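What follows is a short report on a single structure.
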Amino acid sequence: MKNSADITVLGAGSYGTALAISLASNGHKTLLWGHDPVHMQTLAQDKCNQAFLPGIAFPDCLQIEADLAKALAASNNVLVVVPSHVFGTVLEQAKPLLRSDARIVWATKGLEPETGRLLQDVARDVLGEQYPLAVLSGPTFAKELAMGLPTAISVAGTCPTFTNDLVELLHSPKRLRVYANDDFTGLQLGGAVKNVIAIGAGMSDGIGFGANARTALITRGLVELTRLGEALGANAATFMGMAGLGDLVLTCTDNQSRNRRFGLALGKGCDVMTAQAEIGQVVEGYRNTKEVFTLAKRLGVEMPITEQIYQVLYQGKSPVDAAKELLSREKKSETPAQ
């Protein structure tokens, strides 16, 4: 079946829209679908996503499509960019409408709610083994990507041909550098864990602990990510790349990050509900914390920072008490014997 579009993007929030803008700016005919018909009608009329990316005009190659069946019929390349807690639901909706030659990539960062499973497992449960799968991950703020500011990301998947095609589709010499990676598991995990650590970094700064504490937290957060990744069979080197260290540093240090701002509010004394309300958009790290904590417990992986953040978010511990507990842990070597 011939494509009438080069790629269809499912998810018209800030990041989905930004990726669609980037693709269309590359000259690729791009369809953008969202679940809210009223929102989609507004996007089509305004030629801009005023709700999430105000003032950034849509390229001519970007088309708004409110009908999911039409959106999925237009292209065999499908990019899913929805919150992790509805990832499986969106795939369920899409499944009967997918083309037989469909190829699925997602930029969703997170794990399955309650179980802590990787999204590749969710996708396989819903879609079976029929379709090539891939994940896009790395240090990307939606606004900067949509504005065309230089950005770099990584992509990995189950099919090398699909991965290479995505590199060609996404890469732009002027705005977006894309690295191929063969660690499908590692790329997915980095996007979830960095959200958790970013909340911790925000809490630390909100309390007023300073740059030393923030840097220590980021560094030890990277250790926790690597431990968990290795337990799942990921390549430790992945976490020194875009989807690991890159995304971790970005999210922990810049206030464009909702997760960091959420942590800042908590550190300054807000309760969880008030802090979430202040952000006004989905704070993926809130759910991710429970998911990552659940996964770590199931695998027997020590993640003390994640555990303390979990206790703040779900058990009512104060950020100050969480910090005290981390600082009073038993002394140990930074390079334990293997």
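Note: Cβ is positioned from N, Cα and C throughout, glycine not excepted.
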Listed by Swiss-Prot with Ser14, Tyr15, His35, Ala142, Arg258, Val282, Glu284 as binding NADPH, from among Lys109, Lys174, Lys297, Lys317, is Lys109
Of Asp183, Asp247, the one that Swiss-Prot places in the same sn-glycerol 3-phosphate site as Lys109, Gly138, Thr140, Lys194, Ser257, Arg258, Asn259 is Asp247
Here the 10 Å Cβ neighbour count for Thr140 (sn-glycerol 3-phosphate binding site) comes out at 23
Taking only the CA atoms, the spacing between Lys109 (NADPH binding site) and Ser257 (sn-glycerol 3-phosphate binding site), expressed in whole angstrom, is 13
Quick note, Asp247 (sn-glycerol 3-phosphate binding site) and Ala142 (NADPH binding site): C-alpha atoms separated, nearest Å, by 13
Most Cβ neighbours within 10 Å, among the binding-site residues Ala142, Val282, goes to Ala142
Close in space but at least six residues away in sequence, with Cβ under 8 Å from that of Arg258 (NADPH binding site), the same-chain residues are Ile279, Gln281, Val282, Val283, Glu284, Gly285
Expressed in Å to no decimal places, the gap between the Cα atoms of Gly138 (sn-glycerol 3-phosphate binding site) and Tyr15 (NADPH binding site) is 12
Across all protein chains shown, the one of the binding-site residues Asp247, Glu284 with the most other Cβ atoms within 10 Å of its Cβ is Asp247
